[in-house]
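What TrEMBL says about this one:
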- H70, H71, H137, H205, H207, M277: Cu(2+) binding site (BINDING)
- H661: Zn(2+) binding site (BINDING)
- C77-C93: disulfide bond (DISULFID)
- C256-C278: disulfide bond (DISULFID)
- 39-141: domain 'Copper type II ascorbate-dependent monooxygenase N-terminal' (DOMAIN)
- 169-289: domain 'Copper type II ascorbate-dependent monooxygenase C-terminal' (DOMAIN)
- 511-553: repeat 'NHL' (REPEAT)
- 1-20: signal peptide (SIGNAL)
- 674-692: transmembrane segment (TRANSMEM)
Amino acid sequence: MWYRLIFLLYCLNAASVSRKQQLYSDITKFTIQMIGYSPAENDEYVAVSRQAPEGYIVAFEPFAHADRVHHMLLFGCTEPARASTFWRGGMTCGGRGASHILYAWAKNAPNLVLPHDVAFSVGHANDGILYLVLQVHYAQPFVGDVRDFSGVTLHMSSREPKNLAAVLLFASGEPIPPGRNQVQINMSCEYNGDIELHPFAFRTHTHAMGRVVSAYYKHNEMWNKIGIRNPQWPQLFEKISNVPVIRRGDLLAATCRFDSHDKTRPVPMGSMGTNEMCNFYMMFYWDSTKRNPFQWGAVCSGIQRQREVMYEYPKEGTELLPSRPDLEHHAHQSAIPFGVVEESALTTIGDVKLGQVVGLSFMENNIVIFHRGGRVWDQSTFDQDNVLVDKTPIKEDVILIASIEGNQTRIVKKLGKNKFYLPHGIHVDKHGFLYTTDLGSHTVAKWKINEDELDLIWESGEKLVPNGDGYHFCKPTAVVELNEDIFVSDGYCNSKIVQLDGATGKRKYDFGQPGNGPSQFNLPHDIVLTTGTADHLLVADRENGRVQELSTRGDFIMEWASSLFTNIYSIDAHDGYIFMVPGRRDQSGPIHVYVGRVYLGFYEYSFGPTSRPFGMPHVIRVTADGHRILVGDAAIGKSTLWVFRIQREHDPPAMGGSMWHSSHVKSTSTGNSGILLSLVFAALVIGLVVLCRRQLTRVFSRGHPNFDRKVSTENIITEC
């Protein structure tokens, strides 16, 4: 286990590389992410650290999902808690120097963009942030062989802004007494600094007992609201519309309202799901020409001017907010652990033993399997000119239309006898037409099913004749239909994408050339469509070890690549995610499927089978509902159709039914359940409180305050 972690850490600096066209030359991106970790126990905390680049953070772009990750928290530290770049446990920053909260994420919170001319300073000698530490909390172990690569990309500018940002945390360690409908836990500190603070965003956090969290400040005998929110709603940084100003002598106060009517004993604050938390995060800025008002970090965890808080705190800050069922539903977190479960590893379908499974698609409620029967591709299949040696077609039916429900399989139809030479790619459009690529014959064809026969509509290319001119193909690999046009990846010899007229098969356009630059290929092996409205192409650039997103005219959009694999055989996209699988094992361990966000260019998690390793995964496709993932394995002697189910709180029904509609029909189904439990260790906060006493105020703690690390997805700050 540890040797694999060491290797992954070695690769981490380039583990997920996103190359995307930049709109602003001043903005660079820096990513810190998990190492492919799989938690072994409940409420597990792990951390990774990287040396901080010099610059100013203007936006945070997370890539994670609440199904897998309870929360992430990004710290800025003078030194990390450990000399290694990965460790288990709740420690983040070391005991010497600064410890600053920079960013928090949970419950599928979207990107956070800071207001104009506001940024977090990192990597400079005068800001004390020499390292970034990403802490990740996993509520439960995963089901199946799943590894997590969640993280956050920082958008950074080299230009110093007019204002610098920081986060002040209100955190209480006071236990909650039982048997009460309303319990208020208070925190307050007097601000004794000379530098004006300008709060511009806030977020709240409790566990299940929390009902309202609010914060106010008292200036010139007037109480002014900073923010108020139901902590059972999505927990994001919400914009403060009035942009208050906090000055020397102002009293800062926050309170959490809890409901403990069903409890019979006190509930302590803590990091476990059975504990509670009381947190209010205040994001603020100050004039960048002035020194940092909280050099060591900003935490308020005690009670100052207690009588004022008890008798004067605004009543509206303790009253329940109107119910928002939409937000409460969105913020619901699942008690079911996330997983990718191996449902089937099929070597036969009905009475047919599978040959090399090279193509997959969907038709109505069934799966379409393209396999090679008894023929295999080995070193004697083609001559030195890419001409097929055995020019006889395969005598078996190589297209199987099958129904699969759990481990029960049934062949609905068998097709393709004596029509194919060396099958490779298949696609079914919404009208039921089939499109195929045949490596052996160097052709692309459109077919119509006529009872138990395939009728040829058209064939593009010259049968059994490879070439790279404007008419021929040479070992074409995959095909997809878009708006009545056909896009073909061509393939092993020609390294280009060809556009055909869907009605006639005539060529309309092509693009690409050999190479490893944008819109260049080293064996384009699979081609599918992106999800959403962009109508872009995703191409598995196999031997360049990447996936390229391109326009239909060949314009480069972005790419996915990683030092953890050197080849990508197949991809598919569903509901904003891309699924990609290598076909050959590298030194990082057994082959896994990698899953990432379409618009980010980073993968977030990976998974593999549990019964035995993949042999040679050749094609991957996702069902229309996104719940199941199919992988065709072309390993000689172990040809397999793998079926995986993504486990969430609301499990899908057994296979069959409407979920089998084509994965390339744009889907609106989503899975946004999360994981219940909570947050970080009291010792971490105690350390920060000690540091903050040097700079903030005298803090009179009652118990041990705890950090949460949770955010969510509604009313994100885009441009304050």
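The backbone N, Cα and C atoms fix where each Cβ goes, and this holds for glycine too.
Location within the structure of each feature annotated in TrEMBL.
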residue: H70; record: Cu(2+) binding site; DSSP (3 states): coil
residue: C77; record: disulfide bond; DSSP (3 states): strand
residue: C93; record: disulfide bond; DSSP (3 states): strand
residue: H137; record: Cu(2+) binding site; DSSP (3 states): strand
residue: H205; record: Cu(2+) binding site; DSSP (3 states): strand
residue: C256; record: disulfide bond; DSSP (3 states): strand
residue: M277; record: Cu(2+) binding site; DSSP (3 states): coil
Summarise the repeat 'NHL' (511-553) by DSSP state, stating how many residues are helix, strand and coil. 3 helix, 19 strand, 21 coil
Taking the Cβ of C93 (disulfide bond) as the centre, how many other Cβ atoms fall within a 10 Å radius? 26
So how many of the residues in the domain 'Copper type II ascorbate-dependent monooxygenase C-terminal' (169-289) end up helix, strand or coil by DSSP? 0 helix, 63 strand, 58 coil
On the domain 'Copper type II ascorbate-dependent monooxygenase N-terminal' (39-141), the mean of the pLDDT values is 93
Measuring Cα to Cα, tell me the gap between C93 (disulfide bond) and H137 (Cu(2+) binding site) in whole angstrom. 16
Which one is it, among the disulfide-bonded residues C77, C256, C278, that lies nearest to H70 (Cu(2+) binding site) by Cα separation? C278
Taking H205 (Cu(2+) binding site) as the reference, which of C77, C256, C278 (the disulfide-bonded residues) have a CA within 10 A of its CA? C256, C278
May I ask which of the recorded positions H71, C77, H207 is closest to C278 (disulfide bond) if we compare their C-alpha atoms? H207
Taking the Cβ of H71 (Cu(2+) binding site) as centre, how many other Cβ atoms lie within 10 Å? 30
Using all protein chains in view, find how many other C-beta atoms are within 10 Å of the C-beta of M277 (Cu(2+) binding site). 27
Checking your reading of the structure: which of the binding-site residues H71, H137, H207 lie inside a 10 Å Cα sphere centred on C256 (disulfide bond)? none
